[in-house]
Amino acid sequence: MKSLRTGYITGAALGVLWSFTMAVTVAVAMSFATGDGFRPGTLGIVLSGLLCGALSARVGRWVAPVAGVVIYAVLTAVGLPPVVAEGGMLHVVLSAVIGGAVVGLGMWAISGDLPPGALTRHEFEASIIRFLTGFGYVFFTAIVVIPFYVMVMTSLKSQQALLQNPLDFSLDLSRGWDLLRSYRELLTDYNFGQYLWTSFFISVLTVLITLAFSIPGAYAVARLRFRGRAAMSRSVLLIYMVPMIVLALPIYIGFSMAGLRNTVFGIIVIYPVTTIPVALYMLQGYFRGLPAEVEEAGLMDGLSRLAVIWKITLPLSLPALASVSLYVFMIAWNEFLLAFMLLDDPSKFTLTRGIASLNSSEIPRQHLMAGAVIATVPIMGLFLGLERFMTRGLTAGSVKG
Amino acid sequence: MSTAPSVPPRPPRGRGPLARREARLAWQLLAPTLAAVSLVVILPLLAIFWISFKPVTLADLRPPAPVVRESLRGSGEDMRVEYSLRNSSQDQTVSGVVLTDTLPDVLSFRGSPEAPCQADGKVLTCNFGDIEGGFRTRVAVPVTGQGDDDALEAAAEGSEPTVTGTAPNVLTNLTFTWQNFARIFDGSEFWNVLGVTLFYTFFGTAGALVVGLFAALLLDRSFKGQGILRGLYLFPYVAPVIAVAFTWVTLFDPFSGSANALLIQMGVSQSAINFFGERPLALVMVTLFEIWRYFPLSFLFILARMQSIDTDMYEAADMDGASPFQKFRFLSLPQLLGILSVLFLLRFIWTFNKFDDIFLLTGGNAGTRVLTVNVYEQAFDLANIGAGAAVAVVIFLCLTLFSIFFFRVMSREEGL
């Protein structure tokens, strides 16, 4: 085992693995970009990886980028391409050049200062970690980006084009505004403008009601001494663990009897209750971290408790309020189960309920995907704009899913 | 002269008025939350236990009631108001059914109406007693009117008759049954569902944790674009579940899915694979979806913990010549064990509770029916609310067990 731990062998082995990763990546990316056939070629991958890895260990890492491109080009020319391309000379050249470049650049980073001879344990493990890091970035980016890419691109295609070649996501720009046809149809024929508004309205109201309930409650649990305080802060977490589906059934029955089913009012009544425990839990943690002295000073100066909360605690906890609001907004916006069970009337649908109604064989796929994009874009926009608050909200909001 | 021995002052005991006032304020501040939560959490929980012992079906949610329709027929000498009355239920008796109606000013009774009706001034009262399931009848009350027929008809039908009657309501009466539990535990299906649930929950949770740990290790260094990547890797969790679930269904569609096209073209598979429709594969796919969707959460927590680990320790280890793997194995991992175990338990409970994901991906078909989806299926697809409630009770009991275990570990870790 120890004798295998030399620069040549490690470099070559990592080279093969890396070449494989990159060849698959390039093939998938090129397929998605052009719709034509690309696939990794086994022999080419093994040869290119061995050569590129061993060379950069022998000669030095600076040779790797050049070596990658040259080796890919030569292998493609002699008929052993690491990325097999169909559909024209341009594709063959492109895949060889791009593949070679990314393999070479990656090898440059992975080799580090790998000496050709025997490796210390340190050097050996460091090179493996460098490979895993590179692989990790490619892997995670791919699994996150591909579904969202497919979602957006499918919404811009037509049903025929999709069935003809499911891989072809290239846009026919000559269609102009017609590309957005499924969005236009959703907004005009399927009432999605209304659903957007309903969802927005419900989510904002949910945030406001949740804050109104949870701020006083969180303050009481965090600051005031009373019997049962420990039990209270613990049961908040416990309520958090009751599954929605267990509650949904009695709520469905109760709402059916009270005539609240199929009303937006019913949804506004029920959503905040599902979010109050989370908000309370997040806020009490934050309130505890605030210095009590400031509040005591306020009390000494003659403010009442409520005035202290209003004039001192709340202004100090604005960042936490922003996090909580965002998190609650996200929960309300994404909520599906209750909306699905309680709303049947298409004029009162929320966005998620509206998308669920698009999932039928009579409605083309691109409409479904356009609906998904419409629901995703606002929450993503909010998320990207306020990422810092959101991240904090998610970590504080414990581990609810 | 002797003075009384002086008593040193003692600290006040018990709760003073200030403490009492503080406690009162605390309860006042908590009152709205407590009220709302008990209304929507505690009450339904009690209700679900109640319902699980009752033979309730979806149709029982509308209790049987008498239904009446009124119309004005004929004209002149032949004019009459007709009431057609029926029992909305086919098999249950409604007792003490009484119909009352007040004639509009333009109409008045002609002679006395036939039994079981009686006229008193303008008021008509018909006592039908008990009516059986499927009962329907028609009563004609002769009347005279002034004015043209259309106006009379509008006037007669404008005054709604009221009809009262009491029916046994299966939700509130005191008949109980073990049938629901007997039904769900009957046969091998329940154990099958439980097995699927445990597989999905365990591998979904563990997988998300491992993948999240990997992602956290990747991002635990500062480089340009770290913030962008971190934001990007959170996408699966932040996007609405319905959007990403349908995207997966589209992506892995056997006919028009890109994943199949890609696999066939790359020569991995000969023919299209029905990812969400074949027996063992569908369960693996929903578990993968679970991992994909929730690894961001684990990675966020693990990353936060990692960044709070003291770097001195690693420097000391470097001095001692520890290799990278050794540092991970003997320094990072023990430091992360607390958050990992808390995350595992909490996520385990939450994955166990998950309904939306599987419901949207497969609808519980192809061997992916977990307990939560089973609740929905029993209650709505099979229209047996009682059986659905029984499954919900089983879920709740499992969760109580998990929670007890969780709080044991939690108070030991005190991490989160």
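Placed from the backbone N, Cα and C atoms, the Cβ positions cover glycine too.
According to TrEMBL, the transmembrane segment annotation covers A:12-32, A:38-55, A:62-83, A:89-110, A:131-152, A:195-215, A:236-258, A:264-287, A:308-333, A:368-386. The domain 'ABC transmembrane type-1' feature in TrEMBL is assigned to A:196-386.
Between the transmembrane segment (A:89-110) and the listed ranges A:38-55, A:131-152, A:236-258, A:264-287, the one holding the most Cβ pairs under 8 Å is A:38-55. Panel annotation: around the transmembrane segment (A:131-152), residues 14, 17-18, 21-22, 25, 28, 32, 106, 109-110, 169, 369, 372-373, 376 of the same chain, lying at least six beyond its termini, place a Cβ under 8 Å from a Cβ of the stretch. Proximity of distant same-chain residues to the transmembrane segment (A:195-215), defined by a Cβ-Cβ separation under 8 Å and at least 6 residues beyond the stretch ends, is recorded for 264, 267-268, 271-272, 275-276, 279-280, 283, 309, 314, 321, 324-325, 328-329, 332-333, 348-354, 374-375, 378. By the Cβ criterion (under 8 Å, sequence separation of 6 or more), the transmembrane segment (A:12-32) is not in contact with the transmembrane segment (A:236-258), since fewer than 3 such pairs are found. In this chain, the transmembrane segment (A:368-386) does not touch the transmembrane segment (A:264-287); fewer than three CB pairs sit within less than 8 A of each other, excluding pairs fewer than 6 residues apart. Only residues 6 or more beyond the boundaries of the transmembrane segment (A:38-55), in the same chain, are considered here, and those with a CB under 8 A from a CB of the stretch are 8, 10-20, 23-24, 26-28, 30-31, 63-64, 67-68, 71-72, 75-76, 80-86, 91, 95, 100, 103-104, 107, 111.
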